[in-house]
Amino acid sequence: MEDFVRQCFNPMIVELAEKAMKEYGEDPKIETNKFAAICTHLEVCFMYSDFHFIDERGESIIVESGDPNALLKHRFEIIEGRDRTMAWTVVNSICNTTGVEKPKFLPDLYDYKENRFIEIGVTRREVHIYYLEKANKIKSEKTHIHIFSFTGEEMATKADYTLDEESRARIKTRLFTIRQEMASRGLWDSFRQSERGEETIEERFEITGTMRRLADQSLPPNFSSLENFRAYVDGFEPNGCIEGKLSQMSKEVNARIEPFLKTTPRPLRLPDGPPCCQRSKFLLMDALKLSIEDPSHEGEGIPLYDAIKCMKTFFGWKEPNIVKPHEKGINPNYLLAWKQVLAELQDIENEEKIPKTKNMKKTSQLKWALGENMAPEKVDFEDCKDVSDLKQYDSDEPEPRSLASWIQSEFNKACELTDSSWIELDEIGEDVAPIEHIAGMRRNYFTAEVSHCRATEYIMKGVYINTALLNASCAAMDDFQLIPMISKCRTKEGRRKTNLYGFIIKGRSHLRNDTDVVNFVSMEFSLTDPRLEPHKWEKYCVLEIGDMILRTAIGQVSRPMFLYVRTNGTSKIKMKWGMEMRRCLLQSLQQIESMIEAESSVKEKDMTKEFFENKSETWPIGESPKGVEEGSIGKVCRTLLAKSVFNSLYASPQLEGFSAESRKLLLIVQALRDNLEPGTFDLGGLYEAIEECLINDPWVLLNASWFNSFLTHALK
């Protein structure tokens with residue numbers, strides 16, 4: 001490319017371009033595409049101004065070879081190609097003599113006929129995109145913009161093209177020739193792809209006063225002034241050679257770029273320790289529902305009425321007893337709390353009119369379970385700032401936990417279909433704009449695939465619980481309100497159904513800040529015997545509360561019914577996000593849409609119908625130790641939805657960190673798979689950043705183990 005530039009452009013232009021690059025600390029030998037771009041831009045500016053004059057009468061004329069004695073003045077002042085100081089001097093002098101507003105950025109030309117500055121753009125991309133970038137950058141009504149492309153297109157402010165047709169045609173022809181010359185030498189593709197968008201840093205953004213002093217104090221070593229540092233930074237090209245740039249920056253940095261090969265990456269190290277435990281705000285696969293079909297009782301839709309009605313469908317209650325104690329808690333209190341719920345529900349029955357809400361008596365067991373009076377007393381800072389040994393509580397490091405198999409089972413269950421529909425067809429709200437036919441069709445297909453999915457049940461359950469808890473937290477701040485955990489669905493036959501999963505009792509909730517915590521006790525029905533995976537239920541006290549008759553293929557069997565009780569907490573901001581869990585539907589729909597778009601652009605027609613209706617085709621779902629798992633399009637929809645839902649249910653700082661850091665490694669591995677020969681430095685540091693997020697969170701540990709499966713198969 002460098003040779004081509006020296007052959008193709010006038011030596012004066014080449015020299016100016018080299019000077020401009022050196023002024024910014026760039027090397028024409030390394031950044032050859034930029035070198036070519038600067039030469040092209042200079043040449044267009046000169047051609048723009050060539051042969052255009054203003055005669056004695058002030059008229060604009062074109063003179064290609066005229067009388068050297070004629071009194072002609074150049075129509076355009078060329079600003080581009082001068083060194084910065086000189087260029088600003090010219091601009092200032094024009095502004096002083098003509099009264100034109102001074103531009104923020106150095107323009108390329110000044111037009112003495114139209115009395116305006118002109119910004120010339122030459123782009124390898126779409127003219128209108130580049131035009132908008134330029135306009136956005138200079139933000140000035142007064143500077144006229146004129147953009148040319150290598151394909152013969154042009155765009156100018158208010159479609160005012162300044163020059164006559166023929167002059168512009170000369171420029172377009174020259175650009176087209178440059179393009180063809182490059183293409184014949186195999187240079188065009190790299191040149192076309194190397195164009196970056198306009199920088200939108202204000203060139204003359206003045207910093208004064210304290211900020212200026214702070215800026216001067218915080219310069220890196222070896223820089224005398226902010227301007228000096230700025231000029232240096234402006235000269236940075238991201239595709240320059242990195243090692244050189246880094247060693248220039250500081251004597252201490254010596255980054256060696258190591259090639260990233262198939263043998264380079266190692267698997268992520270998952271922590272050792274006891275197996276991780278369940279930490280979701282409500283039970284997932286282990287939940288049990290007491291349900292009523294076609295509810296039509298008095299007060300239907302009032303949660304407490306619905307709950308009592310559901311409780312009455314079950315006849316196998318028995319004297320509760322503890323089958324799996326909570327290691328650290330006072331277990332009899334959990335037992336007493338459940339007995340209190342049963343007793344107070346019984347009391348409601350005996351009243352003439354059932355109330356709409358129920359506040360529990362503040363018994364000692366509930367006060368203990370809800371942490372009443374447990375918070376350390378808040379003291380005003382003024383009263384204790386003189387205490388000599390004032391210090392923050394020591395908090396223990398979290399204990400590392402190992403991956404347990406239950407979380408993969410939870411995820412598999414979330415992807416399965418249930419026999420009920422949890423959302424109506426229009427649940428994934430309409431777009432704001434009138435939705436086009438295709439988008440509506442996609443949404444309907446997608447809804448059909450996920451409406452019966454267990455992950456969708458979790459969404460509706462989460463939305464209900466969080467909404468009810470946030471409402472109660474605001475409406476009954478001091479009360480221990482009893483909140484039924486309810487969901488609604490439709491059976492296969494389309495009959496409405498109301499389900500009760502259990503109850504929540506909320507603690508005091510004076511929530512001033514988004515992060516202030518409200519404690520609650522959850523009590524949830526289940527048929528899962530906690531003794532099968534005791535490690536999963538570390539945070540729970542589990543009672544046996546009844547026997548349920550189940551109809552199976554071999555007839556009726558009786559199974560013990562358990563109640564999973566635990567103390568938990570949440571905050572306003574967490575409840576707000578919980579209420580918005582329906583967004584998971586939208587997120588996974590968008591992921592599916594991008595798959596359809598990719599397929600459609602290959603086939604050059606909309607593939608929505610084929611995508612959903614071709615049942616024989618399988619799609620990659622994820623990686624497992626067995627290899628890449630594949631499944632039907634419906635399975636893909638449900639898997640993406642389940643991932644999104646679990647990201648919400650198991651949201652945590654560990655997940656945030658893991659997602660952000662592992663993505664970097666993922667991109668490097670993908671670059672390797674695409675034969676892009678990626679290089680890295682400090683790969684060890686990246687592994688450290690990823691692995692410091694692998695502590696004890698079940699969902700993060702599962703994602704890390706999936707990531708390891710991906711690494712294994714990606715690098716085979």
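Backbone N, Cα and C define each Cβ position, glycine as well.
Now, the feature entries from Swiss-Prot:
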type	residues	note
BINDING	H41, D108, E119, I120	Mn(2+) 1 binding site
BINDING	E80, D108	Mn(2+) 2 binding site
MOTIF	124-139	motif 'Nuclear localization signal 1 (NLS1)'
MOTIF	184-247	motif 'Nuclear localization signal 2 (NLS2)'
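Note: the Mn(2+) 1 site is recorded as H41, D108, E119, I120; in the same chain, V44, C45, E80, P107, L109, I118, G121, V122, H146 also have Cβ atoms within 8 Å of that site's Cβ centroid.
For the pair H41 (Mn(2+) 1 binding site) and E80 (Mn(2+) 2 binding site), the C-alpha distance works out to 9 angstrom.
In three-state terms derived from DSSP, H41 (Mn(2+) 1 binding site) belongs to a helical segment. Around the Cβ of E80 (Mn(2+) 2 binding site), 22 further Cβ atoms fall within 10 Å across all displayed protein chains. A strand conformation is recorded for I120 (Mn(2+) 1 binding site) in the three-state DSSP classification. Proximity of E119 (Mn(2+) 1 binding site) to non-local residues of its own chain (separation of 6 or more, Cβ distance below 8 Å) is seen for F105, P107, D108, K134, I138, T143, H144, I145, H146, given in sequence order. Residue pair E80 (Mn(2+) 2 binding site) / I120 (Mn(2+) 1 binding site) shows a Cα separation of 9 Å. Around the Cβ of I120 (Mn(2+) 1 binding site), a 10 Å sphere holds 22 further Cβ atoms from the protein chains shown.
According to its DSSP assignment, D108 (Mn(2+) 1 binding site) is coil.
The binding-site residues examined here are H41, D108; by Cβ neighbour count within 10 Å, the least packed of them is H41.
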